[in-house]
Amino acid sequence: KNRKKMGKGKSHDPKDGKRKEKAKMHLKRNIGYVDGVSFIIGSIVGAGIFVSPTGVLKHSLLNVGVALTIWTASGLVSLMGSLCYAELGTALPFSGGEYSHIKRGLGSLPAFVFIWTSTFTKPASNAARALLFAEYAAQPFYGICPAPEVLKKCLALAVLWSLGILNGCSVKMAAWVQTVFTLLKMMALSVIAIGGIVLVGGRKESLARFEDAFSSEIPNASQIAEAFFQGLYAYGGWWSLNYMAEEMKNPSRNIPLTVMTAVPAVIVFYLLVNISYLTVLTPKEIVSSVAVAVTWADRVIPSVAWIIPLSVAVSIFGALNSSMFTLGRLSYAGSQSGHLPVLISMLNVHSCTPAPAMIFSTTIASIFIIPSDLITLTNYFGFSAWLMIGLTCASLIVLRYREPHLHRPYKVFLPVPFVMVAMSSFLVLAPIVWSPNLQYVYAFLFMLGSLIVYLPFIHFKLHFAFLDKITCHLQLLLEVSPADESTESKCE
């Protein structure tokens with residue numbers, strides 16, 4: 001009888017379970033297969049393929065065959081890296097991307113060095129994208145005159161905060177914006193890829209460039225390596241999906257499928273676009289052009305050539321949205337592990353988005369825009385990206401041997417991560433050995449400077465009580481709550 005009475009007082013409605021689940025604060029699985037493809041393509045395809053794909057051709061000594069081979073090889077290396085990340089993302093579907101995997105495989109200190117470096121370099125990269133967007137968006141209104149610097153900086157700040165607020169308010173809306181802008185930029189690439197081949201592809205002088213593709217001078221090993229470095233830079237962003245693994249629907253299926261769709265699609269488009277450029281323009285014209293897509297449009301579609309500068313702005317906007325989304329997740333994951341202030345790991349009680357993390361990363365990016373000369377310093381941190389990729393692939397190898405029973409819905413062929421570790425080591429050392437510069441020393445010192453923060457605050461857990469009061473006030477102001485907690489604030 002007592003059991004029956006107790007039973008009457010409880011609701012067995014399955015909807016109650018869903019309500020309790022909704023009452024918990026955690027990131028929601030709102031990102032599907034199409035959204036994932038859009039985020040990867042949107043992260044990879046920025047302004048580079050439109051503006052200046054000259055680096056590969058220049059270092060290939062204008063050898064068309066070598067240049068196209070390097071574009072293909074760079075894409076295949078990126079695909080191998082993304083498959084390594086797919087294994088880690090399906091086995092450990094947590095926010096934070098490389099940070100989470102390095103922490104699990106190699107420990108807390110390497111993970112802290114990663115997030116310390118990323119907190120400096122990734123917002124600076126976003127600031128550079130925002131300034132480049134402002135350049136392309138404002139220039140049409142000024143004709144041949146340069147747009148005012150103040151206007152460009154104000155416009156860059158406006159687009160940064162618009163996307164920061166969007167990503168902080170709604171994951172679904174951010175994913176929708178990403179999908180739309182990815183479709184627009186792929187349409188623009190399709191116009192270039194198809195237009196050049198269809199309109200002027202039958203010219204004999206154009207076809208001759210491909211028939212005798214390897215006939216010109218062959219570059220030496222160092223030049224090929226430099227061209228390869230340029231090609232890999234153009235594919236940067238293939239690692240972005242792992243930052244949102246915690247929000248992927250059915251990650252064990254969608255992460256590998258998304259990677260195997262998006263990266264090969266980018267490889268095909270990059271090759272087609274480069275072939276189109278070479279069909280319409282000579283290698284010398286491509287290398288001497290500041291914005292090769294604009295030169296191409298003036299030659300092929302002069303009446304509507306304005307489409308290309310507009311497409312560049314659209315492409316940059318989409319890449320910036322994707323980058324800001326992933327950077328917010330990195331800050332969120334770092335805070336959850338105690339490597340950043342606890343407030344950053346909290347979620348908005350209404351939208352379950354990492355709003356404080358978005359505010360944090362957007363604020364840092366805004367600081368870089370004001371004295372934009374600082375952005376040039378981040379060029380010397382290029383080696384650090386490949387250092388972290390190497391550490392991530394090394395984490396995969398370590399976990400294979402240390403945790404053999406870890407559930408892995410997808411497993412990459414084991415030699416692949418070894419190849420990626422070797423490739424990363426080469427790409428880290430090559431620019432430092434070939435063109436030694438004092439700025440590289442500053443970059444290394446900055447990374448080592450993380451120890452100054454790590455030892456007292458992370459290792460010895462030094463804590464100041466007044467920070468708790470500040471956190472509580474900000475928590476109430478922003479209406480945020482710790483993850484996996486009730487929506488009621490702990491500060492009340």
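Yeah, the Cβs are placed from backbone N, Cα and C, and that goes for glycine too.
As given in TrEMBL:
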{"type": "COMPBIAS", "residues": "10-19", "note": "compositional bias 'Basic and acidic residues'"}
{"type": "REGION", "residues": "1-22", "note": "region 'Disordered'"}
{"type": "TRANSMEM", "residues": "31-52", "note": "transmembrane segment"}
{"type": "TRANSMEM", "residues": "64-86", "note": "transmembrane segment"}
{"type": "TRANSMEM", "residues": "154-177", "note": "transmembrane segment"}
{"type": "TRANSMEM", "residues": "183-201", "note": "transmembrane segment"}
{"type": "TRANSMEM", "residues": "257-280", "note": "transmembrane segment"}
{"type": "TRANSMEM", "residues": "300-320", "note": "transmembrane segment"}
{"type": "TRANSMEM", "residues": "340-369", "note": "transmembrane segment"}
{"type": "TRANSMEM", "residues": "381-401", "note": "transmembrane segment"}
{"type": "TRANSMEM", "residues": "413-434", "note": "transmembrane segment"}
{"type": "TRANSMEM", "residues": "440-460", "note": "transmembrane segment"}
In contact by Cβ distance (the transmembrane segment (413-434), the transmembrane segment (64-86); 3 or more pairs under 8 Å): yes
Two-stretch contact, the transmembrane segment (154-177) and the transmembrane segment (340-369), at least three Cβ pairs under 8 Å: yes
Highest-contact recorded stretch vs the transmembrane segment (440-460), from 257-280, 300-320, 340-369, 381-401, 413-434, CB pairs under 8 Å: 381-401
Remote residues contacting the transmembrane segment (300-320) - C-beta distance under 8 A, at least 6 residues beyond either end: 42-43, 45-47, 50-51, 126, 129-130, 132-133, 136-137, 139-140, 159-160, 163, 177-178, 181-182, 184-185, 188, 191-192, 195-196, 199-200, 237, 280, 291, 293-294
Residues from the same chain, set at least six apart from the ends of the transmembrane segment (340-369), whose C-beta lies under 8 A from its own: 25-28, 115, 119, 122-124, 126-128, 130-131, 153, 156-157, 160-161, 163-165, 167-171, 324, 327-332, 334, 375, 467, 471, 474-475, 478-483, 487, 489
